[in-house]
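S.K.: Got a structure for you, questions after.
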C-alpha cells in the first residue's frame with residue numbers, strides 16, 4: 001500500500017512539474033534546449049518489470065541524448081514518440097507504449113551504461129511537427145529485478161533540441177524476427193528480409209544488435225544490382241551500443257534488405273519463443289539512417305522489417321552467419337548483473353561501544369577508511385543555547401570525548417571504537433574533515449572557530465585555530481557559527497555558516513585568503529551554507545540548506561550548476577563519490593509529509609535526481625516519518641559502498657549505516673559524449689577515434705514489446721513497412737525546481 005501511495009504522489013508531482021515547462025520562453029533557432037523525461041520514483045515489484053511515463057511533445061529537432069541511468073538499476077530504457085500514448089494517466093505498468101490508431105516511433109534506447117550521444121552535424125530527429133506524427137513521448141523502463149532495500153528510481157533521458165531544421169533527418173529501422181528457436185541446435189538462423197520500396201534514398205550510418213543469452217552473432221546486408229553490401233555485424237553478448245558504419249552507404253528503391261540472427265540452443269530441451277521476458281529470446285537489428293530533409297519521409301508510418309523470405313536469403317553472404325572473434329573484455333563489460341541493486345540498512349546505532357551518542361553533527365573518513373563521528377555528547381542545541389547576538393550562553397567546553405574513531409565491518413553491523421578524542425576541547429561540534437595527510441579539521445558553531453588538529457596517540461593536538469574563541473563576527477578574522485570545512489589542493493574552504501552566508505578560503509596555515517557568497521537565493525548566494533565537500537574533479541559542492549539546494553562551484557568561487565527539486569525544501573548535508581552526488585534533507589517537505597525523509601542521489605553536473613533511498617519500510621508508509629529523525633551529516637566511504645548518516649533528532653540521536661548493494665562492474669562510460677562522423681555528399685572520412693562503439697541503444701525490442709510486433713505482422717505482407725516504429729524524434733520534460741524555505745537555524 002505504501003509503494004502505491006508513493007508512486008501516485010510522485011506521479012501527480014511530476015505531471016504538475018512538467019506542465020509548468022510550457023511557460024518557458026521560446027528558444028532561438030540555434031539555441032540548444034534541454035528537456036528531461038524521468039521515471040516517477042518507482043520501485044520494481046517483480047522480475048522483468050516494465051513501466052512507462054508519458055509527456056506531451058514540443059516541436060523541435062533532437063541533436064543529442066543524455067542518459068540518466070545506471071546498469072546497476074536499469075536493464076534498459078526505450079523512448080518512443082507517439083501520436084497518442086497508451087494511457088491517459090501519465091504513468092502505467094506493463095509493456096504498452098503508444099496508443100492504437102496513430103504512429104509509434106522508436107526515438108532512443110539505452111542499456112549497459114552507454115554514453116551520451118551527439119549526432120553528426122546537419123542530422124537530427126524531427127519531433128512535435130504535424131508531418132512527423134509525434135505528439136507525445138513515452139519513456140519505457142525495464143527493471144530486471146526488484147531493488148534491495150527502500151530505493152526509488154528517477155532514471156530518464158535528457159534531450160538536446162534545436163529549432164533549426166537540419167539538412168538531413170534521421171530515423172531507425174528495426175529488423176525483427178518472430179521465429180521460435182528449436183532445442184538442441186548448435187546453430188540456428190533466424191532470418192528477416194524486406195524490399196525497400198520508397199523513392200527517397202537512405203544512408204545507414206550506425207547499427208546495434210540485440211538478443212538474449214542464446215544469441216551469438218547478428219548481421220545485416222543490403223543487395224543492390226545483385227551485389228551484397230554489409231551494413232554491420234556484432235556479437236549481441238558485447239555491450240549493446242550503436243556502432244558506427246565506417247563507409248557511406250546508400251539504399252535505393254528496389255534494394256533488398258536482410259538480417260540474420262545466429263542462436264545456440266544446444267543446452268535447451270524445449271522450444272524458445274520470441275518475447276520480451278528473460279526466459280524468451282529476441283532477434284533484433286537496429287539500423288540508424290538519414291535522408292535529405294528535402295525529400296519525402298521514406299517511412300511515414302515507421303520503419304520495420306519483419307518478414308521471412310527464404311528464397312531471397314539463399315545467397316546471403318556466408319560471413320554474415322559466421323562467429324566473430326572472441327572479445328572476453330567486451331563480454332565481461334556487458335555481463336548482466338545477477339545481484340539486485342539496492343541500498344540496505346545495515347545498522348541504526350544509538351551507542352558506539354560504551355558511549356551514548358549525542359547529536360551526531362559531523363562525520364568524516366580518514367585515510368584508513370575509519371569513520372570519525374563528531375557528536376555533542378549531552379549538550380543539545382536548542383533555543384536556549386545562544387543569545388540574540390549569537391553568543392553562546394554556556395561558555396564551558398563539553399567535558400566528554402566528542403570525536404569517536406570507529407572501524408566498521410563492511411559485511412555486518414559490527415563497529416569498534418578505536419579512539420576517543422576531544423574531551424574539553426569543543427563547545428558545540430558541527431563539521432569535521434580529514435585530509436590526505438591525516439590532519440583533522442573541525443568547525444565549532446559554539447566557539448565560532450575553525451581548527452586544525454593532529455592525532456597523537458590518544459591525544460588531539462592543536463596545530464592552529466582560526467577565529468576568535470566564543471566571539472562571532474563577519475570580518476576576515478571572525479566566523480559566525482561556521483558549519484563545515486574541506487580541502488582542495490593547498491586551500492581550505494569553510495562554510496560560514498548560519499550568520500554570514502559565505503564560503504571563507506584559508507591557506508593551510510589557517511590564514512584568510514578570500515571569500516565568496518552573499519545572503520540570498522540567486523546563484524552564488526546562500527541561506528545557511530551548511531555543508532561543503534569536493535567532488536572527484538576538485539569542484540566544490542555546498543549544501544545551501546534553507547534555499548533547498550546544492551550549489552556547485554569551482555575553487556575560485558564561480559558558480560557552475562545546482563541541484564534543486566520540489567521534492568525537498570532543505571538540504572542539510574552533501575556527499576560525493578565519483579560522479580554521484582548524495583543529498584539529504586534534515587526536515588520533511590511540508591507538502592510531502594506522508595513520504596518521510598529520503599536521501600536523494602544525482603549525477604554531478606546534471607542537476608537532476610536519479611534515485612532516492614531511505615530506511616526500509618516497516619508497516620504503512622505514514623510510519624516512515626519516525627525512522628529518519630533529523631539527518632544532519634552524511635558521508636560516503638572511499639570505496640563508495642557504505643553511507644553513514646548522523647541524526648540529531650531530539651531525544652533520539654542516531655548513527656545510520658547503509659550499504660550499497662551491486663555487482664562490481666567496470667567504470668561507467670556514461671559521462672563521455674559520443675560523436676558521429678560528419679555527414680557529407682561523398683564518402684565520409686573516418687578517423688581512428690570514430691570506430692568506438694557509439695551511441696548506445698538499449699536492449700532490443702524490449703520496451704518496444706515483441707507482442708506489438710506479433711499483433712501487427714499481418715500488416716507487413718506487402719513490403720514490411722506499414723509498422724509503427726519511426727526513426728529518432730525527440731521529447732521534452734525536465735525536472736525544474738521549487739522550494740520552500742523555513743529558516744530554522746537551531747541545529
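Heads up, the Cβ atoms here are built off N, Cα and C, so glycines get one too.
Relevant sequence annotations retrieved from TrEMBL are reproduced here:
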BINDING   75, 76, 142, 210, 212, 282  Cu(2+) binding site
DISULFID  194-305  disulfide bond
DISULFID  261-283  disulfide bond
DOMAIN    60-146  domain 'Copper type II ascorbate-dependent monooxygenase N-terminal'
DOMAIN    170-309  domain 'Copper type II ascorbate-dependent monooxygenase C-terminal'
REPEAT    513-556  repeat 'NHL'
SIGNAL    1-26  signal peptide
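Each of these features: where is it, how hidden is it, and who are its neighbours?
M.R.: According to DSSP, residue 76 (Cu(2+) binding site) sits within a strand segment.
Long-range C-beta contacts of residue 261 (disulfide bond), restricted to its own chain and to partners at least six residues apart, with a cutoff below 8 Å, comprise 177, 189, 190, 191, 211, 215, 217, 218, 236, 283, 284, 285.
The average pLDDT the prediction assigns to the domain 'Copper type II ascorbate-dependent monooxygenase C-terminal' (170-309) is 94.
Outside the repeat 'NHL' (513-556) by six or more residues, the chain places 431, 476, 483-489, 491, 493-498, 501-507, 562-565, 568-579, 581, 583, 585-586, 604-605, 633, 737, 739-743, 745 with a CB less than 8 A from a CB of the stretch.
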S.K.: Go through 76, 212, the listed binding-site residues, and name the one with the sparsest Cβ surroundings, counting other Cβ atoms within 10 Å.
M.R.: 212
S.K.: Which of 194, 282 has the fewest nearby Cβ atoms, counting only those within 10 Å, among these recorded positions?
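M.R.: Each of the recorded positions 194, 282 was scored; lowest Cβ tally within 10 Å is 194.
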S.K.: When you measure from the Cβ of residue 75 (Cu(2+) binding site), how many other Cβ atoms are you left with inside 10 Å?
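M.R.: Residue 75 (Cu(2+) binding site) is surrounded by 24 other Cβ atoms within 10 Å.
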S.K.: Do you know offhand how many angstrom separate residue 282 (Cu(2+) binding site) and residue 194 (disulfide bond) by C-alpha?
M.R.: 19
